[in-house]
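These features come from TrEMBL:
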| type | residues | note |
| --- | --- | --- |
| DISULFID | CYS160-CYS178 | disulfide bond |
| TRANSMEM | 20-42 | transmembrane segment |
| TRANSMEM | 62-86 | transmembrane segment |
| TRANSMEM | 98-120 | transmembrane segment |
| TRANSMEM | 241-262 | transmembrane segment |
Amino acid sequence: MHRRRPHHSNFTYVSSCVKYLIFILNFVFWLFGGLLIGIGLYAFVDKWQLTGWVKLETVYDVILNISLVMVIMGGVVFIVSFAGCVGALRENTCLLKFYSLCLLIFFLLEMAIAIIGFVFPHTMQSMLEENFTDKIIHTYRDDPDLQNFIDFAQQEFRCCGLSSDGYMDWSKNEYFNCTSPSVERCGVPYSCCINATDISSGLVNIMCGYGVQMLSVAEASKKVWTSGCIEIVRSWAERNLYFIAGIALGVALSQLFVIYLAKTLEGQIDLQKSRHQWYSYLTRHMNY
């Protein structure tokens, strides 16, 4: 008597919508990661050729090297998004587990930083001032990328220096220190000036901050911004607390949604594999 074999349909438990949504999202971030790596490497090599050396002796040297930070961040985004792309496209549960774990770690780190920033803003300000002020001020002239970033921040946030000492932070720099033989002694960078650009000519007066450190706070405040940037940024964050919290919440929910999609796809793949194994088992036993 002929035995009836189990019917095998083409039905799949893996949702194409979830699968390709994860793939498309990660493909975009994969391209973004590659772009960050490319820009960072170009800036790093350009700085190497310009200065002839790049100091990477301590952790702070790495953190304050903007081009290198871009390469590292781009590399992390590139690797994680690549795992998400291939894991979704090839239905590889190992890569999907690695991908969702990385997203979970990023989410927890972001939440930890956000909680510390919102609950202990003054503690975070003090920590940043103690750990970064001297190092950033000292390397101002040594790193063109860092110099441009500091100038941009001081102009945009209308601040000077980093700590609560404000414009007097620049006395720690070897070029702006009052004992320096440089023409910039007792001065501050032009980006600290309230009116650095000449209205008639449209040119930037890079000497507008010369000699400011010899003035009192009241007199200096007529020429330059006197408050430190970390304090100004903290005050700005407190004034825009709801806006920042809304953005942080949106980012957090987006990450949780992507983690949910990855775990859903992973579960669907495992279910599909177990279904296939069960069908193979029944097929082998019915042939006997």
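The backbone N, Cα and C atoms fix where each Cβ goes, glycine too.
Since the structure is predicted, the reported quantities are computational estimates derived from the model, not experimental observations.
Distant neighbours of the transmembrane segment (62-86): 22-23, 25-27, 29-30, 32-41, 43-44, 47, 54, 56, 92, 95-96, 98-99, 102-103, 132, 135-136, 139, 143, 145-146, 149, 262; these residues of the same chain sit at least 6 beyond its ends, with a Cβ under 8 Å from one of its Cβ atoms.
Within the same chain, residues at least 6 positions away in sequence whose Cβ sits under 8 Å from that of CYS178 (disulfide bond) are SER171, ARG185, CYS186, GLN213, MET214. Every protein chain shown contributes to the tally, and the Cβ of CYS160 (disulfide bond) ends up with 28 other Cβ atoms within 10 Å.
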